[in-house]
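Student: According to TrEMBL, the record shows the following:
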{"type": "BINDING", "residues": "Asp145, Asn174", "note": "Mg(2+) binding site"}
{"type": "COMPBIAS", "residues": "102-113", "note": "compositional bias 'Basic and acidic residues'"}
{"type": "DOMAIN", "residues": "314-478", "note": "domain 'Transketolase-like pyrimidine-binding'"}
{"type": "REGION", "residues": "95-116", "note": "region 'Disordered'"}
Amino acid sequence: MTLLDTITGPRDLEHLDEEQLQVLCSELREVIIETTSKVGGHVASNLGVVELTVALHRVFESPADRIIWDVGHQCYPHKLLTGRREQFHTIRQSNGLSGFPKRQESEHDHLDTGHSSTSISAALGMRAALDLKGDAGKVIAVIGDGSIGAGMAFEGLNHAGHLDKDLIIILNDNEMSISENVGALSKYFSKIITGQVYNRFRRDLESMLQSLPRGERLVRAAKRVEEGIKGFMTPGILFEELNIKYFGPVDGHDLNSLMDFLENIKQIDGPLLLHVITRKGEGYAPAEQNPEQFHGVGPYDRKTGKVTSNSSVPSYTAVAGRAVVELGEEDKKVVTITAAMPEGTGVHHFKHNFPDRFFDVGIAEQHAVTFAAGLALQGMHPYVFIYSTFFQRAYDQVIHDVCLQNLPVVFCIDRAGIVGNDGETHNGSFDLSFLRCIPNMKILTPKDENELYNMLLQARSLDSPVTIRYARGSGFGVEIRREPLDLLSWEVVHQGKKPVAVLATGYLVTQAKQLCEEKGVTLINARCIKPLDATLLDKVLRENRRIITLEENSQMGGFGSAVAQFLCAGEYQARLTSLGLPDEFISHGDQQTVRKRCGIDLDSLKLTFKELNI
Ligand SMILES: Cc1ncc(C[n+]2csc(CCOP(=O)(O)OP(=O)(O)O)c2C)c(N)n1
Ligand SMILES: CC(=O)[C@@H](O)[C@H](O)COP(=O)(O)O
Ligand SMILES: [Mg+2]
């Protein structure tokens, strides 16, 4: 039995001496590596916060003190120390632990997260509520150097400085987002980290000033010198000026220093920020050497660090990345934008080929969209590469800054539909619903990777805002070749003999093909969700008694809703069955299992046919 096995909750840490705490850190790393090598997960960030998590749980009293993990992808050591050691092997799998903090899972999880930069606002809200209730518990937001650069984090800092309430912000600075961190703020942090010499100089100067005789003029003069030097050299002056006391930087792998710092800042009133320097992947060489790959990774061989399950079929992401590089070669006005996801969206290839026309704006989806609007207004052809779930952040910008002005911005929406193991915070369940209602927006859903490739190449020709949405993972292995595509019309994939038609969207078209052929059912590739192909839809509704719509989007307001609206507005006899995602937040598991659970896999379609006697 290991020491970690004996930890039933954070209070058990109180009895451990320094040496035992160090052993505990090693054991935490061992369990994280052993488990994630089998089931995958967020490795590098978790290994980086082992000491920080132990120190926080040793010094503070969770759950009375609330620790809020920003994004939450670094919560594995926290889970292991808060009574979830036994279930840890189930992490991110169906019916298992979530990979993110979940209030339903534990009293030590105070905020469900997954999207970045929410911790300061939520923590400040909790602080305000606790003060109103007379609860003296501490509130601690732990936020990374990538996440603190987002607009929302700045809004939280701005308000925290104004409210002047007791709030502890731990800045976990590993000098990385998923990829290399970008932005002026991250450069500022680097200056602080490398500015230790200046800090010593400042300390020396301060003690010298204090030791001078205390004549009034001299004190005033000394104060002026001190202020001047402070503005120039005090690390964290940015935060200080916002009325947030700055402490650090401190080595986040030096457990004793960390605990000392935390003990001290615990006593201090008002909003404060402790700058902790950590290293992604600490303690596991492959993750230290390749933190980007080990940010989020599938199962891997723990000896070599090699990922074990690499599909040979290209992913939609890879095909989209290839297409936009070809576009970039052909048209110098093509520019690409990503909000901190260059690798995840495949647009990093464009970055390498055309660095001047590539923009990683950091975790700033709202800015990304309005920035694209600005580029379009000056005649560029912007392609915004973004995950469906993070696109949600930029809704007003899509409406107000792009669609209202009918700007030709192409949104390449990756991870649309079920993403699998990340679960409810990351599924792209809603984009069809929230985009359909925006005037001027056109929405395309490719049936396979070749259609995606051609849609991406041709989307510019629509000269309006266009969204192309595609799924996470591999395509079907079809040949990629250029072909003309009528983007706004649907395709009859199979003409059946029965008076039944399946109107399918995205990869579900290709998935349903063989079954529809076997059943003698008509299959339509509804490749354009907005506008609907009214001519073909009208014909299909007249010719068939039963229509089945298929989509990997919420049934609420998605493609099925669009067809239902059309059906009700006309004189049709056809009956409609809509298969799509249920009206709930869909929890984690591997993609196929989750799709089955949601009733949108092939077996679910077979079952629907059976129930309808088809
Ligand atoms: C709104 C939003 N955009 C993008 C992401 C994807 N994402 C997850 S973690 C991460 C990097 C965060 O960097 P940092 O806060 O420094 O944490 P680290 O991974 O370095 O521990 C990004 C971009 C997200 N979770 N939420
Ligand atoms: C925590 C987070 O938001 C990302 O790390 C996300 O988990 C990446 O997902 P993919 O693995 O689909 O790129
Ligand atoms: Mg970071």
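Every residue, even glycine, has its Cβ placed from backbone N, Cα and C.
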Student: Neighbour count, 10 Å Cβ-Cβ cut-off, for Asn174 (Mg(2+) binding site): what number do you get?
Tutor: 23
Student: Taking the Cβ of Asp145 (Mg(2+) binding site) as the centre, how many other Cβ atoms fall within a 10 Å radius?
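Tutor: Total other Cβ atoms inside 10 Å, all chains included: 25.
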Student: How many helix, strand and coil residues does the region 'Disordered' (95-116) contain under DSSP?
Tutor: 0 helix, 0 strand, 22 coil
Student: As a test of reading the model: what is the averaged pLDDT for the domain 'Transketolase-like pyrimidine-binding' (314-478)?
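Tutor: Averaging the confidence scores along the domain 'Transketolase-like pyrimidine-binding' (314-478) gives 98.
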